[in-house]
Each structure stands twice: as C-alpha cells, then as structure tokens.
Amino acid sequence: MILISDATLRDGNHAIRHQLSAAQIHVYARAADEAGIDIVEVGHGNGLGGSSCLLGQTPIGDRVMLETARAALGTSRLGVHFIPGLGKAADIALALEIGVDVVRVATHCTEANVSARFIEQTRSAGRTAFGVLMMSHMAPPDVLLAQAKLMERYGAQAVVLMDSAGYSTPSLVRAKVERLVDGLDIDVGFHAHNNLGLAVANSLVALEAGARIVDACVKGFGAGAGNTQLETLVAAMEREGHDTRTTFERVMALARGTEAFLNPKTPHIQPANIASGLYGLFSGYVPHIQKAAQEFGVNEFELYKRLAERKLVAGQEDIIIEEASRLARERDVQRATGGERVRELSA
C-alpha cells in the first residue's frame with residue numbers, strides 16, 4: 001500500500017506567508033482524517049522553529065498548531081518537518097510531548113550527517129522518523145544513496161527525496177528513486193514541486209521506480225508553483241492500480257470542502273516559477289527574489305541566474321539581497337563607465 005503524506009498545512013503555509021490560523025488547521029486536519037489521509041503534516045513552511053523575521057512569522061506558535069491538529073486527528077498520523085539549525089532538539093521534544101507521530105528530519109541533500117541526533121531522538125521516544133534529502137536535484141544518484149544510507153544507519157524508517165526546486169524531469173526522478181530503492185532496506189518517498197508542470201508525472205514515475213511514500217497538497221497548495229496536487233495524484237494512482245487508504249471521491253470531497261474555510265487556490269505556473277525550476281532554486285524563494293529585484297531595480301531573471309551560480313539552499317534568503325545589491329552596483333558602474341566612454345568618443 002502506498003502511503004500519502006499531506007503537506008497542505010505545512011508547505012501550503014509558504015503560499016500565504018505562513019498565515020494559517022488555528023481554526024483552518026483544525027477544520028482541515030479533521031477533514032483530511034475523514035478522507036483517509038495517512039499523514040497530515042503541520043507547521044510553518046520551513047518546519048519546527050521556522051517562524052522568524054527572516055523566514056516569515058506565523059500568527060500562532062508551533063505548540064498551538066500541533067495541539068490543534070492533534071485534537072482533530074483520529075486515524076491519520078500527525079507529522080512535522082524539521083530542519084536542523086532552524087529547529088532545535090527542544091522543538092522536537094515539544095512536538096513529541098504533544099503527540100506528533102512522524103518527524104521528518106530534513107537536510108540539504110549532501111548533509112545527512114547533521115540529522116543523526118534528531119533521528120535518534122525521535123526513535124528513542126518510540127515515534128517514526130523519516131529522513132528527507134532536500135534539493136535532491138543537486139546531487140547524482142550515488143551521492144544521494146550514500147547520504148540516504150547514513151540516515152538509514154541513524155535509524156530513519158524511510159528516506160524521502162525532495163525536489164525542492166521543481167527542477168527534476170521524469171528521467172532524473174526514475175534514476176534517483178531506483179538507486180535508493182535498490183540500495184536501501186527502508187522505504188523511499190518522493191516530494192515534488194510543479195515549477196515545470198511535472199509534479200504529478202514525477203510522483204507517478206517515483207512510484208513506478210519503487211517509492212512507497214508520496215507527498216501531496218490539496219489543490220497543489222504549496223510553495224512557488226505549488227506541490228503535487230492531491231486530487232489529481234489520487235485519480236492517476238487509481239488508474240495505475242496503486243492501493244491507498246483513500247479514494248478519488250474522498251479526496252475530491254476534501255478539496256471541495258476546503259473552499260469554504262481554506263480557499264487554497266491552485267497555484268498557476270508563472271514565468272518566475274519556471275525560472276526557479278529551470279535554475280534549481282527553492283520554490284519558496286520566488287516572492288523574495290521578485291521583491292529584491294524590484295527594490296534594487298535589477299532584472300529578475302538575471303538575479304535567478306546569479307543565485308543559481310551561488311547554489312542556494314533553503315534558509316539563505318539573505319543572499320538574495322546580497323546578490324541583488326551586487327547586480328545593482330554592477331549596473332551603476334557600467335552606466336558610469338559607459339557615460340565616460342561616450343564623452344571621450346564625443347570629444
């Protein structure tokens with residue numbers, strides 16, 4: 001049976017600058033539970049401890065979000081996203097105290113070593129720990145396997161490849177998922193973004209390659225161009241014969257019901273989303289890049305290229321400002337020197 005992890009109440013927070021209310025969390029969590037969703041992930045878009053001036057502040061804290069969801073869930077498991085450095089061991093301890101069932105410990109795709117203590121902390125409490133390799137497009141299959149094996153050794157019960165930038169094509173997904181499935185003794189999962197319009201296709205390919213866990217959001221509600229759309233994915237999975245706890249009818253009822261209290265408009269693929277996918281930048285960076293380009297008066301797409309050269313990962317919003325400022329200075333120098341050259345030629 002394929003396990004569906006619903007990130008609507010976590011990745012969806014990116015789409016509205018992390019402003020989900022307790023009431024919205026309660027109603028959606030209850031509806032997702034009734035729809036037969038396996039895991040309902042809840043929190044700030046960047047996970048436990050993510051609320052900040054830099055990353056965006058939530059109107060309610062982690063405790064309120066998790067306690068609200070916990071009270072609404074019955075058979076569905078409560079999950080959280082955790083990035084070492086943004087979150088601390090104390091944040092996991094709080095989540096475990098509240099009754100979180102699944103802790104997804106996420107690191108950059110080449111930094112799995114920093115996940116060890118947090119996976120061990122979760123497992124020692126008798127809860128489920130998944131390892132998550134973010135920005136997975138930045139590493140080849142063999143490197144991803146080596147990193148996933150570290151997480152497996154630390155005690156992770158599954159490893160999820162996260163296509164954080166929506167960069168991957170089906171052939172890339174197949175090669176990476178197959179490598180992990182062949183090389184690990186634990187389940188493999190896949191988390192897609194829709195920057196190139198391939199989220200559902202990539203998720204299906206991941207399942208064909210042996211993945212047993214797939215992430216999705218109702219109406220694709222998520223960072224950038226959005227995530228894998230839950231309703232579309234379940235429909236396609238039914239056609240392909242994949243067995244799940246839910247059905248197309250149940251997730252359609254879930255999606256329709258959200259219109260009254262959550263209003264998660266399906267994200268459209270904008271030119272900026274395509275650019276972030278093409279250049280391999282974290283989907284949640286798009287509004288920050290657009291704002292910086294406007295404030296400094298620089299070309300938005302040139303800024304995407306510069307940031308791609310810096311190989312940005314999640315949590316480096318400050319570098320966006322740095323590069324926008326550098327582009328503005330370079331532009332001003334070119335204008336000044338160009339002006340001097342024109343005067344020389346005119347003399």
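Any Cβ shown, glycine's included, is placed from N, Cα and C.
Remember, TrEMBL labels are computer predictions, not curated facts.
The substrate site recorded in TrEMBL includes Arg10, Asp11, Ser164, and the single candidate from His26, His191 that the record places there is His191. Set side by side, the recorded positions Arg10, His14, His193 differ in how many other CB atoms lie within 10 angstroms of their CB, and the most is found at His193. Cβ neighbour count for His191 (substrate binding site) (all protein chains, 10 Å cutoff from its Cβ): 30. When every Cα pair among Arg10, Asp11, Ser164, His191 is compared, the largest distance found for this substrate site is 14 Å. For the recorded site, Ser164 (substrate binding site), the DSSP three-state label reads coil.
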